[in-house]
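K.L.:
One structure follows; several queries about it will come next.
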Amino acid sequence: MDVAVALSLLFCCVLLLASGAIAFLLIRHFLASGAEARAAAPRHRQPPPAANQQQQRAASIAVKKEEEEAPRRLAWREVEALTGGFDESAVVGRGGSSAVYLARLLDGSPVAVKVHRWCGGERRLRAFRQELDLLRRLRHPNIVALLAYSDDHGAN
Ligand SMILES: Nc1ncnc2c1ncn2[C@@H]1O[C@H](COP(=O)(O)OP(=O)(O)OP(=O)(O)O)[C@@H](O)[C@H]1O
């Protein structure tokens with residue numbers, strides 16, 4: 001009788017230990033697969049790593065530089081469209097013989113459109129061409145890049 005009780009107690013202990021071990025293994029397995037799934041999930045909300053951002057920045061600068069290489073010659077009507085028909089409320093500054101308008105390109109990026117007041121005269125035309133020529137050649141982070149120009153006012 002004692003042996004039978006001892007055997008049943010031993011069996012219960014083994015059963016308990018076995019079920020405990022199985023439960024432990026199952027919990028460990030689920031925890032590990034949860035961590036793997038989290039690691040594999042795409043990181044929508046995280047910003048790209050710094051190296052990526054730098055690459056993107058370099059790419060957009062390269063694109064801009066290409067644009068800068070060859071400023072586009074605009075038709076006068078394009079300048080009119082850019083400035084909303086020379087809308088006074090878009091004027092952000094004035095020079096001695098010019099008004100500067102804030103405009104937006106199709107992609108939404110802001111640009112300054114400088115419109116010279118034409119009063120005729122060779123000297124004025126020369127000054128305008130000099131400024132154009134200078135801006136065309138200058139490349140500096142602190143100097144606005146010349147993206148486009150128009151010198152056909154009156155030719156339309
Ligand atoms: N890229 C720009 N972004 C914002 N504002 C600008 C920009 N360019 C010019 N402006 C504004 O327009 C004003 C006049 O422009 P700018 O300095 O080119 O003319 P200026 O050389 O003084 O005169 P002008 O060429 O008519 O003789 C500036 O003082 C500034 O307020």
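Just so it is clear, glycine is given a Cβ too, placed from its N, Cα and C backbone atoms.
Below are the features listed in TrEMBL for this protein:
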BINDING   Lys114  ATP binding site
DOMAIN    86-156  domain 'Protein kinase'
REGION    41-66  region 'Disordered'
K.L.:
Tell me the Cβ contacts of Lys114 (ATP binding site) under 8 Å, same chain only and six or more apart in sequence, or just say none.
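P.N.:
Non-local contacts for Lys114 (ATP binding site): Gly95, Ser98, Ala99, Val100, Tyr101.
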K.L.:
For the domain 'Protein kinase' (86-156), how many residues does DSSP put in helix, in strand and in coil?
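P.N.:
When I sort the residues of the domain 'Protein kinase' (86-156) into the three classes, I find 19 helix, 20 strand, 32 coil.
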K.L.:
I'm checking region-level scores; what's the whole-number mean pLDDT for the domain 'Protein kinase' (86-156)?
P.N.:
87
